[in-house]
Amino acid sequence: MADIESSTDEIERKKKLSMDDIEYSTDEIEKKADEEIISFGKIESGNENQHSPGKRKKCGGWKLASLLLVNQGLATLAFFGVGVNLVLLLTRVLDQDNAVAANNVSKWTGTVYLCSLIGAFLSDSYWGRYLTCAIFQLILVLGLGLLSFASWFFLISPTGCGDGMKLCNTPSSIGVVMFYLSIYLIALGYGGHQPTVATLGADQFDDSNPNAVISKAAFFSSFYFALNVGSLFSNTILVYYEDSGKWTLGFLVSFGAAIIALLLYLSGTSRYRYVKASGNPLPRVAQVFVAAYRKWGVTPATVDALYEVEGTESAIKGSRKILHSNDFKFLDKAATITSMDLRGPNNPWKLCTVTQVEEAKCVLKMLPIWLCTIIYSVIFTQMASLFVEQGDVMASKLKNFRIPAASMSAFDICSVLIWTGVYRHVVVPMSRSLTGNPKGLTELQRMGTGLIIGMIAMVAAGVTEIQRLKSVSPGSKKSSLSIFWQVPQYVLVGASEVFMYVGQLEFFNGQAPDGIKSFGSSLCMASMSLGNYVSSLLINIVMEVTTRDGGPGWIPDDLNDGHLDRFYFLIAGLTAVDFIIYVYCAKWYNGINLDTSENGIQLEEQQKEVLASLMS
């Protein structure tokens, strides 16, 4: 017993030393606040000194968040200046078949959003939000510059080709290599930038302010609004010039927008509100599973007996404590103190804190919800591929003006812009009065609504394709059905985005622990990534099955010989099944429970007062 008491005293002494280190590091930060990145918890501990009038310039807030919104709009303009018409560039300039081009676009778009995980990992673990955003924006600029150069000197020959009438010369192997290198640099740059800038924007609102929860919700809606404003220009103006054969001009405009976005971003360097990187989360999560496995035969301790460091800060730097939850109780073994743990120094591979265990639980709890959003992303990705190919074989002339098929996505963007306002000013007040929830719909309810609307959009696309096939004259490549029949499917997809993607941004950012906030934001884009890969896989499977009897298949090179409508209905059916699974997962889900002790209790009460005032 004497040994156990001695070991216990040693652990307590280490805890006190660790808290002394925290206080010391806070003093250092106060001295070098303009040079060093400040951790979330340390901002709160030194709040009075750091934000006192006359001692420091006011950092963060809506001014800086608005600067990031403009940056997001310009970066999106630059990205979609390439992405929105990529499928036609592949078919007209590189002479690829429809199915091949659709697959290549899906793979490229999937890579874009997969890169968001890379950006989120580097942001949370090592570089921090600011540096990560800056580096990936620079990569985006380089990719757009290389694409402009490649199209000018290697791809668009003769000048004006690729307009649907004038054929392009076969590009050289160097030109093709430069093209693919450039578009994947763009994928890396935009993908890594997107989730990190969203989290950096949310960081501009201090959680010690009771209005922060409202400001963050408004920011995420504004973030998606800015994204669509930027893409609106690309989907109307740029797509028109590219569709008429002026591909290089469109790429140069995108290049210029990316440069302006980078310069604006750098202009706010001295005024941003920073959050320090919390270290690599992978070992932390792995430690929980390893420690739980080592104690598999141990009965989990009661909540009060589980291991946690003293004080208001957790053992994870820059992260608040997370209270214990009853989910995945077997992982509590990792925080259960045994006699072996009291012998010798602390080993995180044998004993983890409650906060560390709950961080791993949060990841596990979010995964089923995230997996259910992938099918929705399959719906979303059709706008950049099969919707465009469908519109390209419809009647698109309005008097003497030819409407580019890719520009029909402007209806999707306008729908997003309109529904963003409708949601905030109509849906939220109505649902607030019905549910009593200050936010109106919960994030999970919002995402479920998006799934239903997306499913209806696929049905509308299938109906349009049936009517298009009925209007095809024998021997004619194009249908006489107006391209404006596509408006309902674009509008419905836009409406579903407001519910699904904005809901995802709020949900994953809000439910992710402080140490993996960028990872939470990146889950939304990772869903888009896998959605594109699943779309590509579906196309391959469908073409393999439907061409076995020697037929043209559902998605042949000549869509008039196929049944694209059946593919749309297949996606709608899969979405219906996915929705049933999603409802089950949403009912099972329990949210994160952050420690609201001491100052946190007062803050929580202030936030409740603010939310209550909104309901009155």
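Numbers here mean position along the shown chain, with the first residue as 1.
Yeah, the Cβs are placed from backbone N, Cα and C, and that goes for glycine too.
TrEMBL does not curate its annotations; it predicts them automatically.
Keep in mind it's a predicted model, so treat the numbers as computed, not measured.
Features of the protein shown, as given by TrEMBL:
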{"type": "TRANSMEM", "residues": "64-88", "note": "transmembrane segment"}
{"type": "TRANSMEM", "residues": "134-154", "note": "transmembrane segment"}
{"type": "TRANSMEM", "residues": "174-192", "note": "transmembrane segment"}
{"type": "TRANSMEM", "residues": "213-241", "note": "transmembrane segment"}
{"type": "TRANSMEM", "residues": "247-266", "note": "transmembrane segment"}
{"type": "TRANSMEM", "residues": "367-388", "note": "transmembrane segment"}
{"type": "TRANSMEM", "residues": "403-423", "note": "transmembrane segment"}
{"type": "TRANSMEM", "residues": "444-463", "note": "transmembrane segment"}
{"type": "TRANSMEM", "residues": "483-502", "note": "transmembrane segment"}
{"type": "TRANSMEM", "residues": "567-585", "note": "transmembrane segment"}
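Of the two recorded stretches, the transmembrane segment (444-463) lies close to the transmembrane segment (483-502), with three or more CB pairs under 8 Å once pairs fewer than 6 apart in sequence are set aside. The transmembrane segment (174-192) and the transmembrane segment (213-241) are not in contact, since fewer than 3 Cβ pairs between them lie under 8 Å (pairs 6 or more apart in sequence).
For the transmembrane segment (247-266), the residues of the chain that approach it from at least six positions outside its boundaries are 67-68, 70-71, 74-75, 77-79, 81-82, 85, 89, 93, 133-134, 137-138, 140-141, 144-145, 147-148, 151-152, 155-156, 162, 234, 238-239, 241, judged by C-beta separation under 8 angstroms. Using a Cβ-Cβ cut-off under 8 Å and counting only residues 6 or more beyond its ends in the same chain, the transmembrane segment (64-88) has close neighbours at 101-102, 105, 108-109, 112, 137, 140, 144, 147, 162, 164, 183, 186, 190, 193-194, 197-198, 200-201, 204-205, 215, 219, 222-223, 226-231, 233-235, 238-239, 242-243, 250-251, 253-255, 257-258, 260-261, 264-265, 267-268, 271-273, 384-385, 388-389, 392, 404-406, 409.
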